[in-house]
């Protein structure tokens, strides 16, 4: 997939990566992909860790509130985590609600968010999506955030 923003157009955007570390090894792989994509684009970033995917939207909201109160302003956000289906309905709740909350934040606050929260049936599927040499969803989420930053600037939002 081709993204719409070159390194020059970005003017060194500053992003916040919010990673859920429920599965540490998978989190490392997703973060590695996201960092590599942002480094390649010349972007800067901070990383904050949260317990699980449901905490990611709230953390982004905290960052937005903090910026309003003189804290760090971010041009965009990258959400990373893994939700693997188990034996209960919990998978559906976490998957649906984390995605819905990220979409709501993106639309209501007019912010750029790359969603790299994997929602998979098993660990094998997660690894295929997390590894840089495979689907590199961490890198994809970072590049998506950069694209949305570019579009936001293009439209003057």
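Backbone N, Cα and C define each Cβ position, glycine as well.
In Swiss-Prot this protein carries:
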type     : residues                        : note
BINDING  : 22, 53, 54, 55, 82, 83, 84, 115 : 5-amino-6-(D-ribitylamino)uracil binding site
BINDING  : 87, 88, 129                     : (2S)-2-hydroxy-3-oxobutyl phosphate binding site
ACT_SITE : 90                              : active site, proton donor
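Annotated features taken from Swiss-Prot, shown on the structure.
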| residue | record | Cβ contacts under 8 Å, 6 or more apart |
| --- | --- | --- |
| 22 | 5-amino-6-(D-ribitylamino)uracil binding site | 51, 52, 53, 81, 82, 83 |
| 54 | 5-amino-6-(D-ribitylamino)uracil binding site | 94, 97, 98 |
| 55 | 5-amino-6-(D-ribitylamino)uracil binding site | 20 |
| 84 | 5-amino-6-(D-ribitylamino)uracil binding site | 23, 91, 120, 121, 122, 123, 126 |
| 87 | (2S)-2-hydroxy-3-oxobutyl phosphate binding site | none |
| 88 | (2S)-2-hydroxy-3-oxobutyl phosphate binding site | none |
| 90 | active site, proton donor | none |
| 115 | 5-amino-6-(D-ribitylamino)uracil binding site | 79, 99, 102, 141, 144 |
| 129 | (2S)-2-hydroxy-3-oxobutyl phosphate binding site | 118, 120, 135, 137 |
CB contacts for residue 83 (5-amino-6-(D-ribitylamino)uracil binding site) [other CB atoms within 10 A, all chains]: 25
DSSP state at residue 53 (5-amino-6-(D-ribitylamino)uracil binding site), helix/strand/coil: coil
